[in-house]
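Colleague: Handing you a structure now.
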Amino acid sequence: SQYSAVDTNPLSVYIMQPIWNKIIKIVPLWIAPNLLTFSGFVMILFNYFLISFYDWDYTASGTSPGLVPTWVWLFSAFTTFCAYALDSIDGKHARRTQSSTPLGELFDHGLDSWATSIFVLSFFSVCSRDNGKTGVSVYTMYLYLSIVLFNFMCSHWEKYNTGVLFLPWGYDISQVVLIAAYLLTGTVGVEVWQKPLLFGYYITDVLVILLIGFSLFLSFPQTLYNIHRAHLKKTLKNDSLYEGLLPLVSPLLLFALLTVWVVLSPSNILAKQPRLFLWMVGVAFSNVICKVIICQMSSTQPELFHWFLFPLALVVYAAISGLLGCTEEAVLGVFTALVTAAHVHYGVCVGRQLSEHLNIYIFSLKKRVQE
């Protein structure tokens, strides 16, 4: 299927696009577009692990403001901007080198589905977790992450039904806000997040309120409207309501199971291991959404239950019924490692299959020689 995307965000159209059009001219023509996509993702990952090293349990900014060195925040601003730029020019570069492929589209959106959660998890280190005076609670973090992922899911569910990816306005805005937040933290210090901004509200409160408002009153209604409009124009990809709603079943069940674990965990697992748990949420979500993206690109029907829900349901049941006892944290650790390994393995396999099928290399513009 031909890739089609619509971007109506004024920030993107009037400010960012002209910047990307300048940057793209510096990229040598021999570089494969997927290399740009992947480099951006690696930078986000590296930055995430760097912040995790200084602030594993999200307390550094709240309790001892100097724990994360200033250069780390400035480096975060730099890597976030680079990743944002690379993610924005990879498609332009593919058209410029006449190397647009379904593999590139899947690679881009697949990595985006994972990067989305990593951006959010890195940002939590800035505002730190609740220590009684400042910061946000780990439950707010979980809610915040869920809403961001819900938005991501909506835009791909919309594409599954309409065939067009309406680029969410939230993307450009969130990237610019992230970069600004890191720069602010690097120049002023984390204390800026710990003083009330307006009427006793903190910057973090304002951001959470904006995010929730933005999702519920802008993004989600826009998604429903776009699908409704396609229905009126008779351009919907799926005839039945069942087929149209099918891709939502697994992601929603995933969130239901995870939320049950968060709420009913005997050892309060989210408070004990917020970084591990939220990372696992992001990876699991990415795997479920990648399947939807593949189905949408290949015009096939997604299965009702993603395989992943079964082991997760077992773990959640064992945890909340008290079967795991004091091993709950250890089991979360093992489970997170397995989920991450399974997701990486899945990505490598799909990439290999597509590169063989399309007769291209993933990271090179050279053509494969026919066997």
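A Cβ is built for glycine as well, from the same backbone N, Cα and C atoms used for every other residue.
For reference, TrEMBL lists these features for the protein:
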{"type": "TRANSMEM", "residues": "26-50", "note": "transmembrane segment"}
{"type": "TRANSMEM", "residues": "70-86", "note": "transmembrane segment"}
{"type": "TRANSMEM", "residues": "136-154", "note": "transmembrane segment"}
{"type": "TRANSMEM", "residues": "197-220", "note": "transmembrane segment"}
{"type": "TRANSMEM", "residues": "241-264", "note": "transmembrane segment"}
{"type": "TRANSMEM", "residues": "276-294", "note": "transmembrane segment"}
{"type": "TRANSMEM", "residues": "306-324", "note": "transmembrane segment"}
{"type": "TRANSMEM", "residues": "330-348", "note": "transmembrane segment"}
Colleague: Tell me, please, if the transmembrane segment (276-294) and the transmembrane segment (136-154) are in contact, taking contact as 3+ Cβ pairs under 8 Å between residues separated by 6 or more positions?
Modeller: yes
Colleague: Hey, which bits of the same chain come close to the transmembrane segment (197-220), Cβ under 8 Å, at least six residues off its ends?
Modeller: 127, 134-136, 140, 144, 147-148, 150-151, 154-155, 168-170, 177
Colleague: By a Cβ-Cβ criterion of under 8 Å, what residues six or more beyond either terminus of the transmembrane segment (136-154) are in contact with it?
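Modeller: For the transmembrane segment (136-154), the sequence-distant neighbours (Cβ-Cβ under 8 Å, at least 6 residues beyond its ends) are 58, 112-113, 116-117, 120-121, 124, 127-130, 168, 170, 174, 204, 208, 211-212, 215, 219-220, 223, 248, 251, 255, 259, 262, 270-271, 274, 277-278, 281-282, 285, 289, 292.
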